[in-house]
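Read the structure below first, then the notes.
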Amino acid sequence: MGTKNIGKGLTFEDILLVPNYSEVLPREVSLETKLTKNVSLKIPLISSAMDTVTEHLMAVGMARLGGIGIIHKNMDMESQVNEVLKVKNWISNLEKNESTPDQNLDKESTDGKDTKSNNNIDAYSNENLDNKGRLRVGAAIGVNEIERAKLLVEAGVDVIVLDSAHGHSLNIIRTLKEIKSKMNIDVIVGNVVTEEATKELIENGADGIKVGIGPGSICTTRIVAGVGVPQITAIEKCSSVASKFGIPIIADGGIRYSGDIGKALAVGASSVMIGSILAGTEESPGEKELIGDTVYKYYRGMGSVGAMKSGSGDRYFQEKRPENKMVPEGIEGRVKYKGEMEGVVYQLVGGLRSCMGYLGSASIEELWKKSSYVEITTSGLRESHVHDVEIVKEVMNYSK
């Protein structure tokens, strides 16, 4: 028998970070990081390339807050290019301050260029801009979509995400090599969970590695296929290789609380990709639904039947199958409506700042060097959550 046990896998709920002596206040920490070899972020947050999470409104919001959004690919090439152009044509605070300081700009202008009123300049003083002063944006493509990549690059996209459920595969590597040989663009490749995959993708030109097979709330890959590595262990394994090449790791999936972001970064990620937490915000493209007195937004995995029918089948090697022959690796569901994304991101960033303060880390690079963790038991997890009391007033950043 060739099967071997390569060890225990840990995920976010299995560990707690250990506090250090600190002279660092949360408000003083720097959250700047690398998305790829050549593209930076002001905050280490990325909205996922899902058709119920990121189109131009989400991407604009993320970039204005210092992160980045990845436009999903479940649309034709022209539509995806237009989504990228809407982000690039959005008037940033920098441009407003220089050219239209007193102008009240509508969210959607009549000439097709998207703009937004400058109601809260403090919230958007950390914008993630390219070298022309435009908001940064990424876009996802699948295997062999060279023409799509070319059109996106011509539209000014800042990064291409070559997206697959199994990034350590022949056609992904072939597509990566072709893009890198023909275009001057940074490419993130995923998803992977092993040292071998990380090394091979980097050696073939990857500028960023996306880590995670099956940790997402709407993903069933680990149950349907029996494949995956718990996310903390996957990040550790992949970052141990990527760090030697100076290539950033993006932790994709499994984030439920702000504390999980700190854990992902502490074990080696440079940024995290988020889906479900942002799916309930106003800026996501998911439809609203009122059930009783509660508003929800539609949210589905890219491995669900609905998403695969709309164009993500190639991500799961099922692009040519009829619906009744598809084997889904995700579900369709709903999440509670949360209002505008600014408040959600504020809580995530605030929790991360607190984490770094506890660990005495003024930067993400310091966090890598100073962090240590303990494995906890189910009793330790139970103790970590609210217990022996009934919550009578909900808070934005916690639910059990």
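Cβ coordinates come from backbone N, Cα and C, glycine included.
Look at Swiss-Prot and you will find 96-116 tagged as compositional bias 'Basic and acidic residues'.
Look at Swiss-Prot and you will find 96-125 tagged as region 'Disordered'.
The annotation NAD(+) binding site is assigned in Swiss-Prot to D163, G212, I213, G214 on the grounds of similarity to another entry. In three-state terms derived from DSSP, G214 (NAD(+) binding site) belongs to neither a helical nor a strand segment and is classed as coil. G214 (NAD(+) binding site) counts 26 other C-beta atoms within 10 Å of its own C-beta, drawing on all protein chains shown.
For H385 (K(+) binding site), the Cβ neighbour count at a 10 Å cut-off comes to 9, with all displayed protein chains included. Marked as K(+) binding site by Swiss-Prot on the basis of similarity to another entry: G214, G216, C219, E383, S384, H385.
The IMP binding site annotation in Swiss-Prot covers S217, D252, G253, G254, G275, S276, Y299, R300, G301, M302, G303, E329, and the record cites experimental evidence as its basis. Around G301 (IMP binding site), taking its Cβ as the centre, 26 other Cβ atoms fall within 10 Å, counting all chains.
The active site, thioimidate intermediate feature in Swiss-Prot is assigned to C219. Listed in sequence order, G253, G301, G303, E329, G330 are the same-chain residues at least 6 apart in sequence whose CB falls under 8 Å from the CB of C219 (K(+) binding site). Under DSSP, C219 (K(+) binding site) is assigned to a strand (E or B) in the three-state scheme.
Positions annotated as active site, proton acceptor by Swiss-Prot, on the basis of similarity to another entry: R315.
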Identify, in sequence order, the residues in the chain of S217 (IMP binding site) that are 6 or more apart from it along the sequence and have a CB within less than 8 Å of its CB; answer 'none' if there are none. R256, G275, S276
Out of D163, E383, which has the highest number of nearby Cβ atoms, where nearby means within 10 Å of its Cβ, if these are the binding-site residues? D163
How big is the gap, in Å, between the Cα of S384 (K(+) binding site) and that of G212 (NAD(+) binding site), rounded to a whole number? 25
